[in-house]
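Engineer: Take this structure first; my questions come after.
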């Protein structure tokens, strides 16, 4: 565990200086999470991993296991989960994770101190046989208020809300979490993407989703906006932005700037700085919401690529967290695992005083009375 010596006074000053109104920061668990994430700035960056407690390379649903833990000796400080499939009433998500298992592991992770975040890749409300990556039909305009399939979409949200409402402790308290719907909208690979949806329609979709879950279903959460890396200026980044009142986390997903053949670490750093600067202007939390290198073919990727994108500039390291995608199997994984050639580089990366795993995060909260 790293030495984390931050005074409570310093933390409170940082929160006060950046205290723009968040979209759901009343007296509830979401407010506490927001304050915790705001307090990280200039201190540390949480390392996160998708599905980390559910499966990894060579194992699945084995209690206590984690590729991160078995490589670095600690669990991620942030745990990502996927809700795709819940909208159809299925018992497993689109990656075959049972929702009951997901609920149990998300609660366990939260109780151990981790931040919980959910993505959602829903099937088309126009045709539930078509997944999020089917892009042969315009969908969004039909599911907005007044659209032919708006009621179907609301039923989708009802099922999402039912799962979210079930995320409660033994005392009956709903746990806080980050919800990151409709990500990478500036790409063309989802039915809510740029080729099938206008910025105006997207903003309506995002806003309706957040407001319906909060106002109609009374679910408290932080919401994340996370376009892909297809921007070079703040104006371009904000093309799809739905408004400060429905966004808490200012994020970016970026694989392309780290991919062999299109690699541009300076561009990745620049985009993180755009995210950080806008978050600071609006009192939000900045985050690197999704990244990774498929099959981890660069064995020094963590320190020489990811690390340099975050730490080589002036402000990129003010993000609250970075989350890598899942380790499905040896043909499809985005972080490291024990005995992989990149494992030693990963251990070097997380040994950085500013990269925090779970013990570091818990120590910071304890030292600064942030629990």
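Cβ coordinates come from backbone N, Cα and C, glycine included.
According to TrEMBL, the protein has these features:
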- 184: active site, proton donor (ACT_SITE)
- 290: active site, nucleophile (ACT_SITE)
- 121, 189, 255: substrate binding site (BINDING)
- 28-359: domain 'GH26' (DOMAIN)
Engineer: Cα of the residue listed as 'active site, nucleophile' to Cα of residue 255 (substrate binding site): how many Å, rounded?
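Structural biologist: It is 8 Å, counting Cα to Cα.
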Engineer: Starting from each candidate's C-beta and looking 10 angstroms out, tell me which of the binding-site residues 189, 255 has the most other C-beta atoms.
Structural biologist: 255
Engineer: 184, 290: which of these active-site residues has the highest Cβ count within 10 Å of its own Cβ?
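Structural biologist: Checking each of 184, 290, the winner is 290.
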Engineer: Within 8 Å of the Cβ centre of 121, 189, 255, which other residues of the chain have their Cβ, at the recorded substrate site?
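Structural biologist: Apart from 121, 189, 255, the close residues are 133, 183, 184, 187, 190, 228, 253.
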Engineer: What whole-number Å value do you get for the CA-CA distance of the residue listed as 'active site, proton donor' and residue 121 (substrate binding site)?
Structural biologist: 11
Engineer: Considering each pair of residues in 121, 189, 255, all listed as binding substrate, report the largest CA to CA distance in Å, no decimals.
Structural biologist: 18
Engineer: List, in sequence order, the same-chain residues at least six positions removed whose CB sits under 8 Å from that of residue 121 (substrate binding site)?
Structural biologist: 82, 83, 84, 94, 131, 132, 133, 190
Engineer: Check residue 121 (substrate binding site) against DSSP and tell me helix, strand or coil, would you?
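Structural biologist: It is coil.
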Engineer: Check the residue listed as 'active site, nucleophile' against DSSP and tell me helix, strand or coil, would you?
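Structural biologist: For the residue listed as 'active site, nucleophile' - judged by DSSP and reduced to three states - the answer is strand.
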